[in-house]
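Everything on this sheet refers to the single structure shown next.
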Amino acid sequence: MFLLGRRNFLRGATAIGATAGLGAIKPLWAQTLDNRAVLDVIKKPIPSTGEMIPAVGLGSWITFNVGNDPVLRDQCANVMQAFFDGGGRMIDSSPMYGSSQDVIGYGLDKLGARDRVFSTDKVWTSDDGAEQIAETSNYWNIEKFDLLQVHNLVGINDNLPLLFDMKDEGRLRYVGVTTSHGRRTDDLIAVMKNTPLDFVQVTYNPVDRKIEDYLLPLASERGIGVIVNRPFQGGHLIDRLEGEKLPDFAAEIEVRSWAQLILKYLISHPAVTCPIPATTQPMHAMENMQAATGPMPDDDMRQRIAAVIGVL
Amino acid sequence: MSEWWSYSLADFLLFSPRVYYRLFETLNTTWWLAVTAALVAGIITFGLSIRHGNRGNRVALVLLAMIWGWVTAGFLWYYYQPINWIIPYFIPAFITEALLMVMFAARRMPLRFGWRGDFSSIAGGVMIAMAIFVYPFVGLIEGRELIQAELFGSAADPTAIGTLGFILLARGSWRWVLLPVPLVWCVLASGTLWVMDQNIAMLPLTAVWLTVLGGWMDQKNGVTRRSLLDTGGDD
C-alpha cells in the first residue's frame, strides 16, 4: 500500500497551496475545509460538570513561540483557524512557553475567536501567582479563563489554593495540575487524592504508558478530566514512524496517518478527555481534528496499536 | 526544581531552529542598513586592531561598544528575548560590556590593540576573521538561505566570537574585564546550537578554548603584565 508520510503529504499540500495562491485560490488546507461537511467531532464530558468538549485540543509548546515575527505569527493564526474550523476548542499554553501566550492572543484577535476557544493556561511561578495570571490574561486578552493549571506542580502550596479561590469567586471555571515526561507522578497522585481537581495534564502516548496502570484509573475514580500532553513525544514519535507502513487494521478505524492512529489510541481511553497535539501546520491541525471523528479502536485494537508502534 | 536529573538541555530550549533562523532573516531584511553599517564597523575595527602602535585604539573600542549596544537593542531585546527566557538575564551583561568598552576608550591606555605575532595574536586574528567572513556563510553548507546569515555586528554569536579575538589581540590586564560576557555567551551559544543539532555548535566552543589557551600563554609569557607604554604614543 502506498502511504503518504505526514511530511511528504504536507510538502505536496504546500506546493499545491502555493500554486493555487498564484491564482488567488485558498491554500489546500482551507480548500479541504471548505469542501467537506462540518466534522462530526467526538466530544467528551468534563467529569466534574458534564460539559462536553471536543476530544482533540491544540498545544502551543515550542510551535507558537515565534516572537515578533509577523510571518510566523500569521502562520500560527492559520493553525488556529484550521483548528477551530475543524471543530476544536481547547488551546493550551503556559508562561513557560516564551511568546506563545502573546501569539495565541494575536490569533484570537485576528480570528475574532474568543467565543470559540476553551482557554487553558497555567501558573508557573514560586513567587506571585496572581501577578503571573494577570499577565497571562493580558496576553490572551481574556478576563476569565476556562481552565488554569499549576504547571509542573511549581509553587503548588500557594498556587493551587489561589486557583480554587478564583474558582469560588467565579473568576475561573476549572482548576488543574500538570506534569510532563512522567515527572513527579507520585506527587501528582497525592494531589489527585486530596484535592477536588477538575483536570490533570500528563504525558501519555503509545510508548509512554505508565499512567495506564494507576493514574488514569484514579482519575476516573475521582472524576478528574485528563489532558494529554506530548502525544507525539514532541514530534520525535512521528519522525520515528515516518515512512513506515500503517498497519492494515488502521483502515478499520478510518485512519490515514500515524498521527491520527496515535490520537485515536489516546481519545479512545475512557479516562482521557483531550490530547493537545502541537503543530506549526494548518494541514496537521485539521488532520489532528479528523482523528476525533469516525470509529474508535476497542481495547484489543488499542493493545495492537501500542504493540505495533512500540516495536517500530 | 524536583527530579532535576531527569531534565536535559533540550527541556530548556523552547523554540525551533526554524524560528531561530527566521530571527536573522527578519533582522537582516528589516534593519539592513544598520546591519551593514555594523558589519563595516567590525571590519574597520579589525583593521585598526592589528595595526602597529596605538593609533586608533579609542576608535576601535568605541566602534566595538556601539556594536555591542546594537546587538543588545536590535537583536537581543527586540528579536531574541521574546522566544528565549534566558535572554533577559543576559541583556544587563551585554549593556555592561558596552559601557566597559566606552569607559576604556575614555581612560588613558587601559588596554592596547596591536599585532604581536604570538599565539594569541594569531588566534585572535583568526577568530575575528572567522566571525566576520566565515561564520555568516556556514549556514549555507547546512542548507539555510543567505538571507538568514548571522552577521558580525548584529548577531550575538559571531559578535561574541569576534570580541574574544579582539581581546586576545589586546594587551593590558584590564582586557580580562571584557572577557566573561562573550566567553559565557559563547558557551551558551554552543549549548543552544548543539541542542538544535546544528554542526556550527562547535565554533563558539572552539573560540572559548582558543581564548582560554591564549590567555594562559599570555600570562605565562608576561604579555599581559608588560607595560603598555612600551608600544609608543597615545592616539
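Including glycine, each Cβ sits where the backbone N, Cα and C put it.
Heads up, TrEMBL stuff is auto-annotated, nobody curated it.
Taken from TrEMBL, the feature transmembrane segment applies to B:30-48, B:60-80, B:86-106, B:118-139, B:151-169, B:176-194, B:200-217.
Proximity of distant same-chain residues to the transmembrane segment (B:30-48), defined by a Cβ-Cβ separation under 8 Å and at least 6 residues beyond the stretch ends, is recorded for 56-57, 59-60, 63-64, 66-67, 70-71, 74, 113, 128-129, 131-132, 151-154, 159, 162, 166.
If you look at the transmembrane segment (B:60-80), the same-chain residues 6 or more away from its ends with a CB under 8 A from one of its CBs are 23, 26-27, 31, 34, 38, 41-42, 44-45, 48-49, 87, 90-91, 94-95, 97-99, 101-102, 104-105, 113, 153-156, 159, 163, 166. For the transmembrane segment (B:118-139), the neighbouring stretch richest in Cβ pairs under 8 Å, chosen from B:86-106, B:176-194, B:200-217, is B:200-217.
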